[in-house]
There are 2 protein chains.
Amino acid sequence: MSLEKSPLAPATFPTLPEITGAVPHVSRARYKEWDRCDLTFVAMDEGTAVAGVTTRSLCPSPEVEWCREALKGGTARALVVNAGNANAFTGNRGRAAVEAIAEKAAAHCGCAPTEVFIASTGVIGVPLPIDKAEAGLEAAFTAPEASWEDAANAIGTTDTFAKGATASAVVDGKTVQISGIVKGSGMIAPDMATMLGFIFTDAAAQPTFLQEMLVAAVARTFNCITVDSDTSTSDTVLVFATGKAGNTPLGSFDDPGADAFAAALDNVCGELAHLVVRDGEGASKFIEISVGGAQSDESARKIALSIANSPLVKTAIAGEDANWGRVVMAVGKAGEPADRDRLSIRFGATQVAKDGLAVEGYDEAPVAVHLKGQEIEIGVDLGLGDGRATVWTCDLTHGYISINADYRT
Amino acid sequence: MSLEKSPLAPATFPTLPEITGAVPHVSRARYKEWDRCDLTFVAMDEGTAVAGVTTRSLCPSPEVEWCREALKGGTARALVVNAGNANAFTGNRGRAAVEAIAEKAAAHCGCAPTEVFIASTGVIGVPLPIDKAEAGLEAAFTAPEASWEDAANAIGTTDTFAKGATASAVVDGKTVQISGIVKGSGMIAPDMATMLGFIFTDAAAQPTFLQEMLVAAVARTFNCITVDSDTSTSDTVLVFATGKAGNTPLGSFDDPGADAFAAALDNVCGELAHLVVRDGEGASKFIEISVGGAQSDESARKIALSIANSPLVKTAIAGEDANWGRVVMAVGKAGEPADRDRLSIRFGATQVAKDGLAVEGYDEAPVAVHLKGQEIEIGVDLGLGDGRATVWTCDLTHGYISINADYRT
């Protein structure tokens, strides 16, 4: 199946700076019947710190289990990503494939297998073929250095464009770079590290603090997006810090530059998360949903996600239909504190409902104009408290059905 | 918009017996620009007991609030159902319309307004026009007796066929009849009384016991179906017992025939709930999902609904694709106790995965044949305990998108 590029894709892949100490390579493992690079190998120098978050699915892939264990060590020397086969729900054979990859990469890098991080994405239930993985890895070892755009392409499956983001910060007098790549388009739901995302920085940071910053960033970014409410068995976001920028390793928010670094990391995570939504399967609109006036931030987030995951809201946006009644419905079903008679709703800059009914003399014309655009904003005020949250999603179109009714064929 | 009849529709509307003491009438209130009956009025004799369950949405319609209050009285003399306008989220004007309808019907029947039950379905956010409601009601008062099929048609909106079911039981030496009609096709989700359903019986029953039986039946039927995970602001199921069969009023499960009556009520609720799924917007397959081996029945139900509400599972079925990995995904995201390595999955009669991986020598051929049919069964065994649940849903097709992207236009 060949998919057209999402209409919400950025014009170009951004220029990602080199991250000293992290070198990507790609190769053809041919996990599927395709002629494209589908194995990514990133070699990292000694002294690279690592942090990561993984799916909360109770049926995780062996790769996710491997990463969870390996993260305890806090250091990384290699990342291997397989595209086209998720290797999830494959029992001992799946676990054996992960171990074989870790051992082979460790032997090449001269490190412990637990310093090798592995992620796989694609169809569930088919063991990753060890022979293909080993041959692909061997080819990657000898391949010339790839670009980050090559790597971003190689980790994709139903993605229609390569996704990357970058930011920099001044830490301890040194300018540090943060660059990330991400894949994901369907089976995207919040409440965990969603999809596969890999972020590299030349900053020096202690693993525990790197983890603390990543968890905070993910909560505001990857965990606030949804394409289809379906949560992958393989979701993983990893951040690698090579330390080559030469700053004193960041260990807490009291360290100079820690706030700037955390903000830059937030930016990269946010951009990557939005790019996933922009490549949501079948997406024709990018939708930002802001909920305020809730009893708590968590309550606001649940209500925002109830709206973002509602098929009826998503199809209304696809149809450019200002059917705000469906937003009311989604607020009502969220199960969070809400008072119908205090509820206000906004589409774009236009208030459409206030205090439990349509605004006096409501004019649908500016809303109709807003809905014809590609960037849609829905605002909800519950009028109860100070809790707020913003989430991002896309519309639900015929494209989603077409992509997913014949994914394996 | 004119919709083709669902391919899952039964060949004919069933023969519903007369329910002595309950007489339906229909009329044209013309709530929308259509030439069809859209107001239903059922007159009931004195002594009719009533029980009901309503949406758990926190943004309920004024009709729902009215019914909740009226149910406290336990007796009914009239039911009024408006189709084409849900009257939800309409503030004081919506409440005024409900009160006007109750007063007019009460005056006609010579009863208290609180003995009039009212439900409305259709677009949200537009106050129900009182003049149209009153004129329609007036027309219904003088209209000849309608059939239950007429009434089932008159309460529908995006429904593509009239839905009714009937059962009988012997209570206290008397044969009693139970007949019900239901409407619903989209905005159908579980965990409450879903959609509009109205059940009539000539049995005599005390309102509190009628309520107890209804709540139990709804939990196993209406609350176990989902079309699109979206929960209406107007969901209501009411059961009216005219008492004309002459049995001693049922007051508890110790009474002779109470078990038989409850079983018959279950049957009617179950058939009506399945008919709603068979008219799920865009449905081409009827899907039964059975989960066993869970830690509790409630845990099994949540996992079953996680599968039933997964867009990826529903599109796979639409594509007749035996993509059982998506079932694993949906189990994993449910947040309920599950152990990947004990999980077994069945499509139709064929075991496809067992103990955390594909079965040895899995042959997809019989599964492919099963998926080509209209009646799909998915079985999941968690291998943890004795909890079990069955839910029903339909597939997710282009039809759902087409219907909902231009519902208001």
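Using N, Cα and C of the backbone, Cβ positions are placed for all residues, glycine too.
According to TrEMBL, the features are:
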type	residues	note
ACT_SITE	A:Thr194	active site, nucleophile
BINDING	A:Thr157, A:Lys183, A:Thr194, A:Glu281, A:Asn404, A:Thr409	substrate binding site
Helix, strand or coil at A:Lys183 (substrate binding site), per DSSP?
strand
For chain B, give the subset of the binding-site residues A:Thr157, A:Lys183, A:Glu281, A:Asn404 whose C-beta is less than 8 angstroms from one of that chain's C-beta atoms, in sequence order, otherwise 'none'.
A:Asn404
Taking the Cβ of A:Thr157 (substrate binding site) as centre, how many other Cβ atoms lie within 10 Å?
21
Show which residues of the chain containing A:Lys183 (substrate binding site), separated from it by at least 6 in sequence, have their CB under 8 Å from its CB.
A:Ala83, A:Thr121, A:Ala152, A:Ile155, A:Gly156, A:Thr157, A:Asp159, A:Lys163, A:Met195, A:Leu196, A:Gly197, A:Val276
Cβ neighbour count (10 Å, all chains) around A:Glu281 (substrate binding site) is 29
What count of other C-beta atoms do you get within 10 angstroms of the C-beta of A:Asn404 (substrate binding site), across all chains shown?
28
For A:Asn404 (substrate binding site), which of the three DSSP-derived states applies: helix, strand, or coil?
helix
